[in-house]
Amino acid sequence: MSQALDYAKRLIAAPSVTPATGAVFDEMQAMLEPLGFAVHRFTRGEGEEGSDEAPVENLFAIRHGPEGSKHFAFAGHLDVVPPGEGWTSAPFEPEERGELLYGRGAVDMKGAIACMVDAVANVPQEAGTISFIITGDEEGPALHGTRALIDYMRSEGIKPDLCLVGEPTSVNRLGDMMKIGRRGSVNIWLEVEGTQGHVAYPHLAGNPLPAMVEILRELNNLPLDEGTDWFQPSNLEITEIDVPNRAHNVIPAKAKARISIRFNDTHSGASLSKQVIEIAEKHGGTARPVISGEPFLTEPGAFSSMIAAAVKAETAIDPEPSTTGGTSDARFLRSVCPVIEFGLCNATMHKRDEAVAMADLDTLSRIYARVAQAALSS
């Protein structure tokens, strides 16, 4: 059994549905300390289980190189989404079948973290400083995870030169895509207050629905942009409409809706929120925005070339630089240093029978080792 495969099995076998704490971090620590890493673990969040403030465990590990050497960071998350029903094997009992390893987190992203650990075993300490930024809160609210790790790093004066996040970016085969950026995301809750009444006496009531319809119509037709060189066009989607009204003959007292905007770097979360608030207020409504991330772009250059060269050397293919897809914790790490995402094939992430090709684990480990070596010698 390869070392990367063994590490992946150990991590998968430690259940860690978001927010993650405990055993899976014990495994991670047990893997890193024999490789010379100093491991610091801490918990943030003091709320009840199931709430956004539920406790989250985080891990920062560092192996110092010579004084003045470069610092390269690996980042990722050990929490996983709930497994759901219908698996053909137990989701937290890793199982080899044919060429695949099955288990929740196999590709998102315990498999990639296993490859990172295996990779650093093949990078000599004298090459430079390597760290791990690992959270148990990426699949959930992401309030007490990577943000808290960044706060810790800043308090300790720790600043990597480059960071690679192990999200499953590959599409059809390992190495065909890396993420050099991501669009931003803002969710906005809309509300219009009315006056409840009988439908036969509309003059004694105030129907909030026509105003909500006008708000949503204007938002749905709002021109955003046509995209940029690296980003697809921004899009606004109506994701929820709700009227707490179960009777057919009652004019409701309130109408609620929610929209979600994924936006490129021609906007900011604040600028879009301002537009939506103005439209809502024009029609007598209110808007409450929650910005979950700003767009970021690590423009193609030295870092992306390092990754491309490593992928080419191990797979003979050229990875496509892309900014498609959802948000990740790279949106927080961008404030620390240049960051790029690269990892396993994503076809089975968040699905039942999540699985990774075992050969890909060894290949990804070698790619990560090449990237780390190149980053530390740059």
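Each Cβ is built from the backbone N, Cα and C atoms, and glycine gets one as well.
Residues His77, Asp108 are recorded by Swiss-Prot as Zn(2+) 1 binders, and the candidate that the same record lists for that site, out of Glu27, Glu156, Glu167, is Glu167. Taking Cβ-Cβ distances under 8 Å and a sequence separation of 6 or more, the neighbours of Glu138 (active site, proton acceptor) in its chain are Thr18, Gly76, His77, Asp79, Gly145, Thr146, Ser328, Asp329. Cα spacing between His350 (Zn(2+) 2 binding site) and Asp108 (Zn(2+) 1 binding site): 8 Å, rounded to the nearest whole number.
A Cβ within 8 Å of the Cβ centre of Asp108, Glu139, His350, the residues given for Zn(2+) 2, is found for these other residues of the same chain: Val80, Val81, Gly105, Met109, Met349. Separating the Cα atoms of Glu167 (Zn(2+) 1 binding site) and Glu139 (Zn(2+) 2 binding site) is a whole-number distance of 12 Å. Rounded to a whole number, the distance between the Cα atoms of Glu139 (Zn(2+) 2 binding site) and Asp108 (Zn(2+) 1 binding site) is 10 Å.
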